[in-house]
Amino acid sequence: AGPGALERRLLQAAAEGNLQLFKRTASALDGGKGRLRDAVEAVTLQGRGSGALHFAARRGRMAVCVYLVQELGVDVDATDETGYTPLVHAIIAGTVDTFQYLLDHGANPDKPDGQGSTPLHLAAAGGNCEIVKALLSKGVNVDSLCHTGTPLHTAAFCRQDGAMKILLDHHADCNKIFNTVYSPLIAALNVVGSLNVSPLKCVKLLIKAGADVKGVGTVSPLITAVNNGLTDCYKCLLEAGADPDVRDDFGHLPIEIAAYNNRREDVEILLPVTSRTPYVRDWSVDGIIRWVKSMPSVENDPMNKMNPADLKLEGSKAYKRKDYATAVKLYSMAADRCPDDATLYSNRCLCWLKMGEGDQALMDAGVCKIRRPGWAKACYLEGSAQMLLRDYEKACDAFLDGLKLDPANVEIENSLR
């Protein structure tokens, strides 16, 4: 059974800011016992755990917040089922007044939620500069790590250049590596399906702050930019020292990737800075495009005509017959078209694990955690990758995180033995 009429009325009054109704309802729930605070704190939304202060903070109901905090003395850091405090609810909703009030009345500005995200992570993701500044003024950890990296990683991934500038001005580490290869610059250059905003401002901010444009191994910012067709970012990356001769996991140069994707303008930009290769006789824009199109693995490959669902199916078949290299190719092609599908990255991660490629597996596990927060399988994959890399402490941490999310997961339990 759900909460009774009085409980529903109490939460509704908090959400609507009806202080008089809230007081009357709280008194009715207390039943004359003289323990108003206990009566109010006992009421939460079934299945979510949100209490009256959560609702009032999210809706910006200052009078209710003041009554709850200063008159009743409710727990200002009470958490709901996701680990969100009233302060976090105010941050997510952008209700600056109630946020500032809670901050000034003892709310913990650095308390992580169930996924390890701090209020600063969430404020950075939302791009609320006023809230970001207020949190930093309280001395919160600017480089705290959660499942998506630091607040700077999060702001970069969400294209929040305003928040990024504030974080960088407060000495956020622009070269902090997360999941072995994932830097704030790589985060900025990743494609976000729901965003149609160029990351150029974010990229320029990071480069100005001293971000490493070379990347780690084959995971270079330039290759990431070319894979995602971010033409406007090439110039500043190249001027900052990005290497156009670094190849991706499949041995492709950035200029070849651009040609594969029929991006003539990109080929024109990359041609003067790319070292000539002996296997392409006509080293010109047209010559490189012709050469790429002559290769069966590009335009003439039947895989290129398959839809993402079929690519995924064929990838699964390749995996079952232990043809992991082909499976990686198929999953990669599907992921290029469906970048928000976490299962494609998890499937490719399994292939990397079978191939003994720990760094690549760890990168894909990190993408899974970003694409689908709270997914136990992503933690399992991360732990498996760390095991392959012989970082047993981090592997154990990842497996334990997964077990918290899915206590009945036998696969994770076996990995911890």
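Every residue gets a Cβ built from N, Cα and C, even glycine.
Residues or ranges marked as domain 'Serine/threonine-protein kinase BSK1-like TPR repeats' in TrEMBL: 310-382. Marked as repeat 'ANK' by TrEMBL: 48-81, 82-114, 115-147, 217-249. The repeat 'TPR' annotation in TrEMBL covers 376-409.
Among residues of the same chain six or more beyond the repeat 'ANK' (48-81), those with a C-beta under 8 A of the stretch's C-beta atoms are 10-11, 13-17, 19, 22-23, 36-37, 40-41, 87, 89-90, 92-93, 95, 97-99, 101-102, 105-108, 111, 113. The helix, strand and coil residue counts that DSSP assigns across the repeat 'ANK' (115-147) are 17 helix, 1 strand, 15 coil. Secondary structure of the repeat 'ANK' (82-114), assigned with DSSP and counted as helix (H, G, I), strand (E, B) and coil, comes to 17 helix, 0 strand, 16 coil. Break the repeat 'ANK' (217-249) down by DSSP state and the numbers are 16 helix, 1 strand, 16 coil. If you average pLDDT over the repeat 'ANK' (115-147) in this model, you get 95.
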